Amino acid sequence: MHPFTKTLVTTALPYANGPVHLGHLAGVYLPADLYVRYMRLKGEDIIHIGGSDEHGVPITITAEREGISPKDVVDRYHRMNSEAFSKCGISFDYYGRTTSEVHHKTAQEFFTDIEEKGIFIRKSEKLFFDRKADRFLSDRYVTGTCPICNNTEANGDQCEQCGTHLSPLELINPKSKLSDATPELRETMHWYFPLGRFQDQLESYVHQHEDDWRQNVLNYTHTWLKQGLKDRAITRDLSWGIKVPLESEEAEGKVLYVWFDAVLGYISFTREWAEKLGQSERWKEYWQNPECRLLHFIGKDNVVFHTLMLPAILMAWNEGRQSECYNLADNVPASEFMNFEGRKFSKSRNYAVYLGEFLEKFPADTLRYSIAMNYPENKDTDFSWQDFQNRTNGELADTLGNFIKRSVDFTNARFDGEVPWDYSEDLLNNVLLCDQIDDIARAYDGFHFREAVSSSMDIARNANRFLTQNEPWKLIKTDPDAAARVMSISLNLCHALSILFYPVIPETCNRIHAMLGFDGTIDSLIKPGVSLWEQAKKPGLNKGHRLLGKSEILFTKIEDADIAPELKKIELLVAEAEKREAGAEQQKMEFKPLISFDDFLKVDLRVARVITAEKVKKAAKLLKLQLQVGSATKQVLAGIAKYYTPEEMVGKNVVIVANLADRTIRDDVSEGMILAVEGADGKLFVIEPEGEEINGRQIQ
């Protein structure tokens, strides 16, 4: 393992087009903060960089819908989200904005450098243009009918009904969202980044991390590499964004694509952090220093941007340089998703718990603990109000909080608020089990945050059990020295727990620190080169040390009445969702206009057998099927990849519309359509005829 001396942690930039919700917190920001706080406890040199992604089409759409400027939109949500993160204890060293002057300059420097090296490719292409609005239309400004499922409200980038990723040119009857007019095709030129040029380098880079990156990260990355990396546009025809830094007619009205500019925010924000410290060159110690470890904390939907695209951009910059070369990420700990009460978080349906609103009602530390214990490391997890209540009451209040308060209160009452006994480190280890602390450290080091926090709570349970079983309130009457030994151990366990739990419930641990009679906070003791973590293994409170003299209830229990309004909200949201689903189902049940018997006879339905099946590149929902229809073969592109693997389809009997006119989809020809039925949950089930010697036979 590389002996790194510094660590730079970045977190995915939340889009400044809405408030962050608990799903965002669980997948990205809390795990990053747990790791950063743990590393600070160890005395490591680490910085945590984040910020707002403030460019892109959704922001302009929101601004136009509300009749305000894009700047007004991003100002609102940057402030809202940064305040929510701060209130939740997410300890950024710097939280920037991609609308800043430094960021614009940084992104333009990268563009200029790569352009001057001749790496970019210029391509002319035809895009939709709205004559009424006098502007080119990006994919999200175009709507129309999906060619796969015939949804009449598909967007230009994706059909929400069937999930197929689309381009605006694939839509049937496209219309502009700006004017409702039918757009026309016009030629425009854009700059493209040739990802394929760096495929070999990227494959070598990824191969170096086969043993230490998470499987989901490797799976997403390998899928893209196997398909072959393609050129990717890095400019758009928009007014909101970072201007292409060229004085030419071609660059007029063009900005950098947000995927290119946003990932460079990590660099520009680190620059701003250094400038804020008055050490403008210090950022290079973290970006251009091989001794610094770079970690990107993200959700699984962001993987390839951090394992392929950003590394490729940095490779392009490094090309031909002997100095000022950028580090590539050493690890990309991407999380799975956290759902909410059994359903996916959805801003569009308002099915979410927003972080700022949550913290107006409940303490941050209770949320941090609950989410850490449900951290979606290897699979999707679920946040529920009942689980939140149970963990707060049963684990934080009844276990950790109860032990701390009992220990402090008994010492204040029976030993005049002083630690009553000196003892050896071995005595503490017999109770605390330092091996457990080492196991917790290994869990944090390996990004296994749920394991780390769960093991910390196990120590709290053992401590609580130790106090209860030894009954110092009885011993004090018969053997005061024995009671003194028990309380000295208990108080030192309180001290150890204040350190072990600091990454997850920092505000509470600072309060425990004060109750134990220490000046300042744990935060104030943190400094590079000093390991507070190791101090958790040693007696921190010697005989005669005075406690604060008073205690407090660390966690207020959550009553049923406290979460009743939240459960009611869920009922209403679920009812609305079910109503929409029922309405959609009812709409589907409406029969189509009558046709004549002769028209029906024109449809040639036949039994076919699937010979081969494969996924379609850049179309996550499509399978390409080769079908044997009697003595003939046909190729069909079917939108079933979400529900069937290629291997599952091979050998199946299916029903094909054999005389359907050919249709071009994704530059490939589909010579028919297979029949499937949609279940109540939206899942598609392919119709499979049974019987022998029926291949090629007509359905009657």
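Please read every residue number as a count from 1 along the shown chain.
Positions of Cβ are set from backbone N, Cα and C atoms, glycine also.
Database features, via Swiss-Prot:
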type	residues	note
BINDING	Cys146, Cys149, Cys159, Cys162	Zn(2+) binding site
BINDING	Lys347	ATP binding site
DOMAIN	599-700	domain 'tRNA-binding'
MOTIF	14-24	motif ''HIGH' region'
MOTIF	344-348	motif ''KMSKS' region'
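Secondary structure of the domain 'tRNA-binding' (599-700) per DSSP, as helix, strand and coil residue counts: 7 helix, 50 strand, 45 coil. According to DSSP, the motif ''HIGH' region' (14-24) comprises 3 helix, 2 strand, 6 coil.
Of all the binding-site residues listed here (Cys146, Cys149, Cys159), it is Cys149 whose C-beta has the fewest other C-beta atoms within 10 angstroms.
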